[in-house]
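For reference, the structure is listed below as C-alpha coordinates.
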Amino acid sequence: MKEVGIVGYGSDLPKYRIKAEDIAGAWGKDAQAIKRGLVVNEKSVPGPDEDTATISVQAARRALSRAGINPKDIGAVYVGSESHPYAVKPTSGIVAEACGVSPDFTAADLEFACKAGTAGMQMCMGLVGSEMMEYAMAVGADTAQGAPGDALEYTAAAGGAAYIIGAKKEEFIAKFNGTYSYTTDTPDFWRREHEHYPKHGGRFTGEPAYFKHVLNGAKGMMAKMDTTAKDYDYCVFHQPNGKFYISAAKQLGFTEEQYKYGLLTPYLGNTYSGAVPLGLSNILDHAKADDRIFVVSYGSGAGSDAFDITVSDRISEVVDKEITTEKLLESKKYVDYAVYLKYRGKIRM
(Lines of atoms letter the chains of each structure in order from A; the text may use other names.)
(Lines give C-alpha, C1' and ligand atoms only; values in the text may rest on other atoms or scores of the structure.)
Protein backbone atom coordinates (compact mmCIF):
# COMPACT_ATOMS: atom_id res chain seq x y z
CA MET A 1 0.00 0.00 0.00
CA LYS A 2 1.21 3.50 -0.82
CA GLU A 3 2.20 5.89 1.93
CA VAL A 4 -0.62 8.28 2.79
CA GLY A 5 -0.81 11.48 4.76
CA ILE A 6 -2.89 14.47 5.79
CA VAL A 7 -2.88 17.10 3.03
CA GLY A 8 -5.47 19.40 4.57
CA TYR A 9 -7.25 19.90 7.88
CA GLY A 10 -9.71 22.32 9.40
CA SER A 11 -11.83 22.74 12.52
CA ASP A 12 -14.98 24.50 13.64
CA LEU A 13 -16.53 25.37 17.00
CA PRO A 14 -19.69 27.19 18.03
CA LYS A 15 -19.13 30.63 19.50
CA TYR A 16 -21.38 30.09 22.50
CA ARG A 17 -20.21 28.69 25.87
CA ILE A 18 -21.83 27.89 29.18
CA LYS A 19 -19.91 27.70 32.45
CA ALA A 20 -20.14 24.74 34.80
CA GLU A 21 -21.31 27.17 37.51
CA ASP A 22 -24.45 28.03 35.52
CA ILE A 23 -25.43 24.39 35.04
CA ALA A 24 -24.64 23.48 38.64
CA GLY A 25 -26.52 26.51 39.96
CA ALA A 26 -29.69 25.47 38.15
CA TRP A 27 -29.60 22.08 39.87
CA GLY A 28 -28.31 23.10 43.29
CA LYS A 29 -25.00 21.30 42.81
CA ASP A 30 -21.47 22.15 43.98
CA ALA A 31 -19.81 23.61 40.87
CA GLN A 32 -16.29 23.52 42.27
CA ALA A 33 -16.57 19.84 43.18
CA ILE A 34 -17.87 19.05 39.70
CA LYS A 35 -15.07 21.03 38.03
CA ARG A 36 -12.46 19.27 40.14
CA GLY A 37 -13.97 15.86 39.47
CA LEU A 38 -14.38 16.25 35.71
CA VAL A 39 -11.61 18.79 34.98
CA VAL A 40 -14.14 20.68 32.85
CA ASN A 41 -14.75 24.40 33.40
CA GLU A 42 -17.09 25.22 30.52
CA LYS A 43 -18.42 23.76 27.30
CA SER A 44 -19.45 24.86 23.83
CA VAL A 45 -23.11 25.34 22.95
CA PRO A 46 -24.33 25.23 19.33
CA GLY A 47 -26.55 28.10 18.27
CA PRO A 48 -30.09 27.51 16.99
CA ASP A 49 -28.80 27.53 13.40
CA GLU A 50 -25.90 25.12 14.03
CA ASP A 51 -25.83 21.34 13.79
CA THR A 52 -23.43 18.57 12.80
CA ALA A 53 -23.90 19.41 9.12
CA THR A 54 -23.06 23.12 9.43
CA ILE A 55 -20.05 22.40 11.66
CA SER A 56 -18.83 19.73 9.23
CA VAL A 57 -19.19 22.03 6.22
CA GLN A 58 -17.19 24.80 7.86
CA ALA A 59 -14.43 22.41 8.98
CA ALA A 60 -14.31 20.78 5.54
CA ARG A 61 -14.02 24.13 3.75
CA ARG A 62 -11.11 25.08 5.98
CA ALA A 63 -9.45 21.73 5.27
CA LEU A 64 -9.82 22.38 1.54
CA SER A 65 -8.33 25.85 1.95
CA ARG A 66 -5.25 24.42 3.63
CA ALA A 67 -4.97 21.57 1.13
CA GLY A 68 -5.18 23.87 -1.87
CA ILE A 69 -6.66 21.12 -4.05
CA ASN A 70 -9.59 20.96 -6.44
CA PRO A 71 -12.55 19.59 -4.43
CA LYS A 72 -13.64 17.65 -7.51
CA ASP A 73 -10.56 15.45 -7.06
CA ILE A 74 -11.95 14.09 -3.78
CA GLY A 75 -13.26 10.56 -4.28
CA ALA A 76 -14.85 9.91 -0.88
CA VAL A 77 -16.49 11.92 1.89
CA TYR A 78 -17.27 10.37 5.27
CA VAL A 79 -18.88 12.17 8.21
CA GLY A 80 -18.66 10.44 11.58
CA SER A 81 -21.12 11.56 14.25
CA GLU A 82 -23.71 10.37 16.73
CA SER A 83 -25.82 13.48 16.18
CA HIS A 84 -26.50 13.53 12.44
CA PRO A 85 -29.33 16.02 11.85
CA TYR A 86 -31.41 13.47 9.92
CA ALA A 87 -32.21 9.86 10.77
CA VAL A 88 -32.58 9.26 7.03
CA LYS A 89 -30.61 11.68 4.84
CA PRO A 90 -26.83 11.67 4.71
CA THR A 91 -24.85 14.49 6.26
CA SER A 92 -21.94 13.50 4.00
CA GLY A 93 -23.94 14.44 0.89
CA ILE A 94 -24.70 17.87 2.34
CA VAL A 95 -21.04 18.45 3.17
CA ALA A 96 -19.81 17.32 -0.24
CA GLU A 97 -22.34 19.46 -2.11
CA ALA A 98 -21.52 22.54 -0.02
CA CYS A 99 -17.80 22.05 -0.66
CA GLY A 100 -18.07 21.58 -4.43
CA VAL A 101 -17.12 17.92 -4.54
CA SER A 102 -18.03 16.33 -7.87
CA PRO A 103 -21.01 13.93 -8.06
CA ASP A 104 -18.41 11.30 -9.02
CA PHE A 105 -17.59 10.26 -5.46
CA THR A 106 -18.68 7.85 -2.74
CA ALA A 107 -20.08 9.01 0.59
CA ALA A 108 -21.43 7.64 3.84
CA ASP A 109 -22.44 8.73 7.31
CA LEU A 110 -20.59 6.81 10.01
CA GLU A 111 -21.51 5.93 13.57
CA PHE A 112 -19.39 4.42 16.33
CA ALA A 113 -20.14 6.69 19.25
CA CYS A 114 -17.17 9.05 19.74
CA LYS A 115 -14.73 7.34 17.36
CA ALA A 116 -16.73 7.59 14.14
CA GLY A 117 -14.45 10.38 12.89
CA THR A 118 -11.24 8.38 13.29
CA ALA A 119 -12.94 5.34 11.72
CA GLY A 120 -13.54 7.56 8.69
CA MET A 121 -9.87 8.54 8.63
CA GLN A 122 -8.89 4.86 8.51
CA MET A 123 -11.30 4.26 5.63
CA CYS A 124 -9.78 7.18 3.75
CA MET A 125 -6.28 5.84 4.37
CA GLY A 126 -7.26 2.51 2.83
CA LEU A 127 -8.99 3.98 -0.21
CA VAL A 128 -6.17 6.39 -1.02
CA GLY A 129 -3.40 3.95 -0.12
CA SER A 130 -4.86 1.30 -2.44
CA GLU A 131 -4.94 3.90 -5.24
CA MET A 132 -8.70 3.67 -5.68
CA MET A 133 -8.82 7.47 -5.52
CA GLU A 134 -6.54 10.50 -5.29
CA TYR A 135 -8.03 12.13 -2.19
CA ALA A 136 -10.61 11.29 0.48
CA MET A 137 -12.12 13.37 3.27
CA ALA A 138 -13.12 12.33 6.79
CA VAL A 139 -15.01 14.55 9.23
CA GLY A 140 -15.64 13.96 12.92
CA ALA A 141 -18.29 16.28 14.39
CA ASP A 142 -21.07 16.28 16.96
CA THR A 143 -23.62 18.42 18.77
CA ALA A 144 -23.85 16.14 21.79
CA GLN A 145 -26.77 16.02 24.21
CA GLY A 146 -27.00 15.17 27.89
CA ALA A 147 -30.25 14.89 29.85
CA PRO A 148 -31.03 17.89 32.08
CA GLY A 149 -29.42 17.37 35.47
CA ASP A 150 -27.34 14.39 34.32
CA ALA A 151 -23.55 14.36 34.70
CA LEU A 152 -23.28 14.45 30.90
CA GLU A 153 -24.83 17.91 30.83
CA TYR A 154 -21.57 19.39 32.13
CA THR A 155 -19.54 17.91 29.27
CA ALA A 156 -21.72 17.15 26.20
CA ALA A 157 -20.56 19.79 23.72
CA ALA A 158 -20.30 20.65 20.02
CA GLY A 159 -17.52 20.96 17.46
CA GLY A 160 -15.67 19.09 14.76
CA ALA A 161 -12.69 18.80 12.45
CA ALA A 162 -12.08 17.57 8.91
CA TYR A 163 -9.09 15.83 7.33
CA ILE A 164 -8.22 15.35 3.68
CA ILE A 165 -6.05 12.30 3.02
CA GLY A 166 -3.77 12.04 -0.02
CA ALA A 167 -0.79 10.09 -1.33
CA LYS A 168 1.42 12.77 -2.90
CA LYS A 169 4.37 13.16 -0.53
CA GLU A 170 5.05 16.74 -1.59
CA GLU A 171 1.54 17.64 -0.36
CA PHE A 172 1.81 15.95 3.04
CA ILE A 173 1.22 18.11 6.08
CA ALA A 174 1.74 14.98 8.14
CA LYS A 175 2.39 11.34 7.25
CA PHE A 176 0.63 8.31 8.71
CA ASN A 177 3.24 5.84 9.92
CA GLY A 178 0.64 3.31 11.01
CA THR A 179 -2.75 2.66 12.58
CA TYR A 180 -4.20 0.08 14.96
CA SER A 181 -7.65 -0.63 16.39
CA TYR A 182 -8.98 -2.43 19.47
CA THR A 183 -12.70 -3.28 19.61
CA THR A 184 -15.08 -5.26 21.86
CA ASP A 185 -18.77 -5.45 22.71
CA THR A 186 -18.91 -3.30 25.86
CA PRO A 187 -22.28 -1.63 26.62
CA ASP A 188 -21.12 1.43 28.55
CA PHE A 189 -23.20 4.09 26.76
CA TRP A 190 -26.26 3.87 24.48
CA ARG A 191 -29.38 5.56 23.12
CA ARG A 192 -32.32 3.80 21.52
CA GLU A 193 -34.44 5.12 18.65
CA HIS A 194 -36.91 7.87 19.71
CA GLU A 195 -35.07 8.53 22.98
CA HIS A 196 -33.95 12.15 23.35
CA TYR A 197 -30.94 11.52 25.57
CA PRO A 198 -28.36 8.74 25.95
CA LYS A 199 -27.95 6.53 28.99
CA HIS A 200 -24.64 5.49 30.47
CA GLY A 201 -23.19 3.04 32.95
CA GLY A 202 -21.83 5.65 35.37
CA ARG A 203 -18.64 4.31 36.93
CA PHE A 204 -18.72 1.38 34.51
CA THR A 205 -17.71 3.82 31.75
CA GLY A 206 -14.22 4.06 33.30
CA GLU A 207 -11.99 1.04 33.85
CA PRO A 208 -13.81 -1.66 31.81
CA ALA A 209 -14.71 0.73 29.01
CA TYR A 210 -12.64 3.88 28.38
CA PHE A 211 -9.39 2.84 30.04
CA LYS A 212 -9.45 -0.77 28.83
CA HIS A 213 -9.83 0.26 25.20
CA VAL A 214 -7.68 3.40 25.15
CA LEU A 215 -4.78 1.75 26.98
CA ASN A 216 -4.95 -1.46 24.93
CA GLY A 217 -5.30 0.52 21.71
CA ALA A 218 -2.28 2.60 22.68
CA LYS A 219 -0.19 -0.40 23.70
CA GLY A 220 -1.10 -2.21 20.49
CA MET A 221 -0.01 0.79 18.43
CA MET A 222 3.27 1.10 20.31
CA ALA A 223 3.96 -2.62 19.95
CA LYS A 224 3.27 -2.40 16.22
CA MET A 225 5.61 0.59 15.80
CA ASP A 226 8.16 -0.60 18.42
CA THR A 227 7.90 2.71 20.30
CA THR A 228 7.35 4.12 23.79
CA ALA A 229 5.91 7.43 24.98
CA LYS A 230 9.39 8.97 24.80
CA ASP A 231 9.43 8.57 21.00
CA TYR A 232 6.62 11.12 20.56
CA ASP A 233 6.53 14.90 20.81
CA TYR A 234 2.76 15.13 21.25
CA CYS A 235 -0.19 12.92 22.09
CA VAL A 236 -3.96 13.19 22.06
CA PHE A 237 -6.60 10.86 23.48
CA HIS A 238 -10.36 10.82 23.55
CA GLN A 239 -11.53 13.12 26.31
CA PRO A 240 -14.99 12.51 27.78
CA ASN A 241 -13.63 14.69 30.57
CA GLY A 242 -10.22 16.03 31.50
CA LYS A 243 -9.69 13.55 34.34
CA PHE A 244 -9.83 10.41 32.16
CA TYR A 245 -7.57 11.99 29.51
CA ILE A 246 -4.83 13.00 31.95
CA SER A 247 -4.96 9.64 33.73
CA ALA A 248 -4.63 7.68 30.47
CA ALA A 249 -1.75 9.88 29.29
CA LYS A 250 0.16 9.46 32.54
CA GLN A 251 -0.43 5.70 32.69
CA LEU A 252 1.17 5.43 29.25
CA GLY A 253 4.17 7.51 30.30
CA PHE A 254 3.34 10.82 28.62
CA THR A 255 4.14 14.17 30.24
CA GLU A 256 2.08 17.35 30.41
CA GLU A 257 4.29 18.91 27.72
CA GLN A 258 3.29 16.08 25.40
CA TYR A 259 -0.44 16.01 26.15
CA LYS A 260 -1.31 19.67 26.84
CA TYR A 261 -2.13 20.79 23.26
CA GLY A 262 -4.42 17.83 22.67
CA LEU A 263 -6.41 18.45 25.87
CA LEU A 264 -9.30 20.77 24.98
CA THR A 265 -12.07 19.41 27.22
CA PRO A 266 -11.52 21.81 30.17
CA TYR A 267 -12.37 24.76 27.89
CA LEU A 268 -14.66 23.06 25.38
CA GLY A 269 -16.34 20.00 26.87
CA ASN A 270 -16.60 16.62 25.15
CA THR A 271 -17.24 17.04 21.43
CA TYR A 272 -17.71 13.29 21.00
CA SER A 273 -16.75 12.36 17.40
CA GLY A 274 -15.01 15.73 17.15
CA ALA A 275 -12.88 15.32 20.29
CA VAL A 276 -9.77 13.58 18.92
CA PRO A 277 -9.94 15.27 15.48
CA LEU A 278 -10.10 18.66 17.22
CA GLY A 279 -7.29 17.79 19.62
CA LEU A 280 -5.15 16.66 16.70
CA SER A 281 -5.92 19.88 14.80
CA ASN A 282 -4.71 21.96 17.75
CA ILE A 283 -1.51 19.91 17.91
CA LEU A 284 -0.91 20.42 14.18
CA ASP A 285 -1.45 24.17 14.67
CA HIS A 286 1.48 24.16 17.14
CA ALA A 287 3.71 21.47 15.60
CA LYS A 288 6.85 21.78 13.53
CA ALA A 289 8.54 19.57 10.94
CA ASP A 290 9.50 16.06 12.11
CA ASP A 291 7.37 16.21 15.27
CA ARG A 292 5.80 12.82 15.99
CA ILE A 293 2.21 12.56 17.23
CA PHE A 294 0.49 9.70 19.03
CA VAL A 295 -3.29 9.54 18.67
CA VAL A 296 -5.89 7.29 20.34
CA SER A 297 -9.64 7.74 19.98
CA TYR A 298 -12.41 6.00 21.89
CA GLY A 299 -16.00 5.18 21.06
CA SER A 300 -18.42 3.66 23.52
CA GLY A 301 -19.74 0.25 22.63
CA ALA A 302 -16.67 0.02 22.46
CA GLY A 303 -13.43 0.57 20.55
CA SER A 304 -10.31 2.65 20.02
CA ASP A 305 -8.42 3.69 16.87
CA ALA A 306 -4.75 4.61 17.24
CA PHE A 307 -2.44 6.45 14.85
CA ASP A 308 1.27 7.20 14.63
CA ILE A 309 1.85 10.44 12.69
CA THR A 310 4.94 12.43 11.66
CA VAL A 311 4.60 16.12 10.75
CA SER A 312 6.20 17.39 7.53
CA ASP A 313 7.87 20.73 6.82
CA ARG A 314 4.79 21.86 4.85
CA ILE A 315 2.99 22.48 8.15
CA SER A 316 4.54 25.95 8.43
CA GLU A 317 3.08 26.89 5.03
CA VAL A 318 -0.53 25.97 5.76
CA VAL A 319 -1.32 26.71 9.42
CA ASP A 320 -2.07 30.40 8.91
CA LYS A 321 -4.16 29.85 5.78
CA GLU A 322 -7.15 29.32 8.07
CA ILE A 323 -8.25 30.16 11.59
CA THR A 324 -6.56 27.96 14.17
CA THR A 325 -8.37 25.82 16.72
CA GLU A 326 -6.91 27.94 19.52
CA LYS A 327 -8.40 31.12 18.04
CA LEU A 328 -11.77 29.40 17.71
CA LEU A 329 -11.54 28.48 21.39
CA GLU A 330 -10.76 32.08 22.32
CA SER A 331 -13.65 33.50 20.27
CA LYS A 332 -16.57 32.93 22.61
CA LYS A 333 -19.73 34.36 24.10
CA TYR A 334 -21.25 33.05 27.33
CA VAL A 335 -24.93 32.18 27.67
CA ASP A 336 -26.92 31.43 30.82
CA TYR A 337 -28.78 28.20 31.54
CA ALA A 338 -32.12 29.48 30.20
CA VAL A 339 -30.62 30.42 26.84
CA TYR A 340 -28.75 27.12 26.77
CA LEU A 341 -32.04 25.22 27.27
CA LYS A 342 -33.67 27.22 24.46
CA TYR A 343 -30.79 26.76 22.00
CA ARG A 344 -30.56 23.02 22.68
CA GLY A 345 -34.32 22.44 22.42
CA LYS A 346 -34.52 21.04 25.93
CA ILE A 347 -37.74 22.80 26.90
CA ARG A 348 -40.40 20.19 26.14
CA MET A 349 -44.14 20.48 26.87
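Just so you know, glycine gets a Cβ as well, placed from its N, Cα and C.
Fair warning: this is a prediction, and the values are worked out from it, not measured in the lab.
Same-site candidate for (3S)-3-hydroxy-3-methylglutaryl-CoA binding, as annotated by Swiss-Prot with D30, A31, C114, T155, T205, H238, N270, chosen from S81, S83, S300: S300. Scoring each of the binding-site residues (T205, N270, S300) by how many neighbouring Cβ atoms lie within 10 Å, the top position goes to N270. Comparing the recorded positions D30, E82 on other C-beta atoms within 10 angstroms of each C-beta gives the minimum for D30. Under the three-state DSSP scheme, C114 ((3S)-3-hydroxy-3-methylglutaryl-CoA binding site) falls in the strand class. Taking CA atoms as the reference points, N270 ((3S)-3-hydroxy-3-methylglutaryl-CoA binding site) and K243 (CoA binding site) are 12 Å apart.
Rounded to a whole value, the Cα-Cα separation of T155 ((3S)-3-hydroxy-3-methylglutaryl-CoA binding site) and E82 (active site, proton donor/acceptor) is 15 Å.
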